[in-house]
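What follows is a single structure, written as structure tokens, with notes after it.
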Amino acid sequence: MKSEINIFALATAPFNSALHIIRFSGPDVYEILNKITNKKITRKGMQIQRTWIVDENNKRIDDVLLFKFVSPNSYTGEDLIEISCHGNMLIVNEICALLLKKGGVYAKPGEFTQRSFLNGKMSLQQASAVNKLILSPNLLVKDIVLNNLAGEMDQQLEQIAQQVNQLVMQMEVNIDYPEYLDEQVELSTLNNKVKLIIEKLKRIIENSKQLKKLHDPFKIAIIGETNVGKSSLLNALLNQDKAIVSNIKGSTRDVVEGDFNLNGYLIKILDTAGIRKHKSGLEKAGIKKSFESIKQANLVIYLLDATHPKKDLELISFFKKNKKDFFVFYNKKDLITNKFENSISAKQKDIKELVDLLTKYINEFYKKIDQKIYLIENWQQILIEKIKEQLEQFLKQQKKYLFFDVLVTHLREAQQDILKLLGKDVGFDLVNEIFNNFCLGK
């Protein structure tokens, strides 16, 4: 698909910086640029060309570099030029105004990648992966998305498509040419093949559900009695005063949250209300929220006061009952002479021992997750569920009737949905919906 519209957009973040990149793609980019430069810009010759951007009065706007990508060897498959200018947004706005005046059009979100897909430069799976790569919350998701960008998901889906196509062809031979006995296939043979495909789809679906969880931050709940320094530890981990620190017991009445990055992974810390023991058993100062935080957390830090350390066995039993890994750490080591193992001083921000242990645990946690094949978008997961349901219906409907011309309709439906998943038979409404979620300039 070749568009007649020349689109441009800022591909870098819209604030003053060292430089900016303006992407410009379409059939007439050279013609338009030659109206606003003081040198002849041609499709031949150097891939990088230096020139001045000038206005109608030949007033200099900026000294720029043009990175030229000639069709079809460009990101969009069209002639594409990236204008590298100095990083003042005043300059960017002037250049964009000139492009607009000379025939360019502001690109919609994701329009460059949409053109790449429509021009056959990448598959729909790969195009979807581009946006997810930009938005990846941690290194593991980034690596998984890169597998899709490399085409591994397409290979899996192509195999499934070929298997379903083969099933449809075998059934159609039975329907259209019943006299050719040598070509007849037993229904039991078809069923076994369908069951194998269903199992493969189930694995992809289950993997994809895991990916949703991986987009959530790794949650750590800080648990302990009142005034053991939970809020101080939260502030030390975040390197900012997120929680109120006070000597008054029970100052934290609610769960205070904060996010930080640890070795490429997004961590959410939950500072909970102090848990106090009374005759009635464990009492939650923040009502039930502290214990809800334990249930939600991937890991618990059980914080004790090093000046009078005493573990609450009932609380530890609660961790184990909920199958929660937990670290026991002793805070306020600056107030004691004999140091405990796993001791810190949150107030003094002496928490290296804890951070090292967290880093090791989180690296091991994510290392256990296999970088398998995942569907990364909701629309993909909906389609693959439909494909699985059609194949299951193929097996289920045999209890009612065994007519091949009826049963094959379920395989044909699955066949069509696989084509949609591969982007080979997809409507423009879905395509537009997918790319509207992209950022500008991509």
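Placement of Cβ uses the backbone N, Cα and C atoms for every residue, glycine included.
Binding of (6S)-5-formyl-5,6,7,8-tetrahydrofolate is attributed by Swiss-Prot to GLU82, LYS121, LYS442, and within the candidate set ARG23, ARG203 the record adds ARG23 to that site. For ARG23 ((6S)-5-formyl-5,6,7,8-tetrahydrofolate binding site) paired with SER231 (Mg(2+) binding site), the C-alpha to C-alpha distance reads 47 Å. Rounded to a whole number, the C-alpha distance linking LYS121 ((6S)-5-formyl-5,6,7,8-tetrahydrofolate binding site) with SER231 (Mg(2+) binding site) is 52 angstrom. When the alpha carbons of GLU82 ((6S)-5-formyl-5,6,7,8-tetrahydrofolate binding site) and SER231 (Mg(2+) binding site) are compared, the span between them is 48 angstrom. Each of the binding-site residues ASN227, SER231 was scored by the number of other CB atoms within 10 Å of its CB, and the largest score is that of SER231. A straight line from the CA of LYS230 (GTP binding site) to the CA of LYS442 ((6S)-5-formyl-5,6,7,8-tetrahydrofolate binding site) spans 43 Å.
Sequence-distant contacts (6 or more apart, same chain, Cβ under 8 Å) of LYS442 ((6S)-5-formyl-5,6,7,8-tetrahydrofolate binding site) comprise ALA11, PRO109, GLY110, PHE112, THR113, VAL130, ASN131, ILE134. DSSP classifies LYS230 (GTP binding site) as helix under the three-state reduction.
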